[in-house]
């Protein structure tokens, strides 16, 4: 049998003849092609016709490669077979290939369901013998060889487990990933107490003032460090260790792990040895040593947990040495390293200013502007306090009961909804221009007697082919829209089904923009329209801060975190799935449903305002700026570079979040009369909240919204200035929305005009 030698670090491994299992219900050109390819490549080949025989054959032979036919579901469920194989221990290092049909007449489908089932990769059917042979050869020198090396790691871990020296392996960002039994014995810890914890026990050597710098200066440039230091055991005892710290060079020539090897010093060997710096076999990228060591007065990484019992002094004293070198990839760390390096050669005033900058960078709220640095405007302050915090917690004995025990409308309790073909003429006329931004939602609200969501939803969902995507009937969709609309509170002046319909309209409008269409998949469009429809369902007309302060059942249920948004998302799925009459998801394939559900939830949660600036800043830095740079370099059009920016999974998530955020608070970008109407409605809702807070003795989170004293123009200008302008500038740069920006500028002028006349109302007097 052919044997291949594989080099794995210093190990030389011998790989036996590969074994391939073909699972095809019947012989055809494709299976024949793979059989021929196996023979040509010198691989052993077995063929199974049924899932049962395939599983039995695999458990007997332990094949390196399994190729499963996924083209004809009438024979067997290929994904179920793959999952069955993956439940066996023997499949841990097996490469499983899925053969799928070639479709030339429809859009490329997602590979995620196959990955979830356990397939390694897919092969689009091609019965050409040479294509089959090329696939096997690529697998042999790619995934199969990688899995073969992983199998060899078991022998390495056996050696580590039996070593008498204490060994600790940490990640590049100094999180413990492994300790061996000798380390557990020496330090008195169990491995479960240490894994995924940050390093906090670090070298102490009082006889050398520059001891910590010596260690860092070695390991930071890819060299080993060897010497002695004291460490603290779990029981608090100090022990002296002879330690060797080795940086391990990985992908990109950068340090990816640190290995620490320790031995207890003998009692008669208390004399401190000279610290040694030993050149590592693998040289690190010279980029990693461009910065000097950090100044002792400005420690960049602070311990959050401690193995010892004496806490603060121990941590502060030594937080540098076992934190090794700062080659972490995070951009914020690069910024901090640059600042630290700049401090070394800076005059004292500059160094002190940089120290203050470092203190700001170490906070967790990097994306939230501090009000003190902007206007000391009470309107802005109250809006931010009311929308971007979770309240002051409950300060009275009053409780605000909401929703947890409330009965919600379900499909069976509602009258049969109307068909899209039977919509009354007045409503049809009100929806004629729903594809335009200047569409008047209030005209539709009046025509439908405050039920605009069902009618607008039917029309927009039909335009986007939602029923076809979900494989559900129009009657199911109608029932679902009616159930969702019935669970919006018509008594709310703002957060009612008209607001939901308005956000749905804005979402559909944004989805029709060319740049957005280039970026999102059909499943993203479906998720966005559903998320817009349900994003405020069962909203009580009160803010998260109010609910947290009132100790509401929802606030308790969701731990005072994104209370309403979590409730909207959860209730939407409860209402949808509890009754088959309105379950628009009931005919979806399970994995596709899970993907859709995940996107809907993420988009609804994105409407929560506490992360507003984080979402906007990430969008600007990950999408706006790279696209602008490409355009400045002359890479206009639909080039590969632009496609890479637009289509990466991370950026698509940011785009979907930005889309629904802009749709949710687009009122200032609507035509003037609509903008004024929305401003009046949200103000009334905030006035009602302030009234109730005072009645119940709760903290007043937005005192400026007192119906007797509030200036609506000032509140609108503050909201626009603080939340709207930057966000819509970024969204306009991406999606090209000149009409929205024109409305926004006109509305700003309108509110400024009222404010200049010291008017506090929505409209000037006649």
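Just so you know, glycine gets a Cβ as well, placed from its N, Cα and C.
Range 297-322 is the one annotated as region 'Disordered', of 271-296, 297-322, 323-348 (source: TrEMBL). Each residue contributes its Cα atom, and for residue 716 (AMP binding site) and residue 495 (active site, proton donor) those atoms are 17 Å apart. Take the CB of residue 499 (AMP binding site) and look out to 10 A: across all protein chains shown you find 24 other CB atoms. When Cβ atoms from all protein chains are considered, those within 10 Å of residue 496 (AMP binding site) total 23, not counting its own.
Put simply, residue 664 (AMP binding site) is 11 Å from residue 495 (active site, proton donor) when counted between their Cα atoms.
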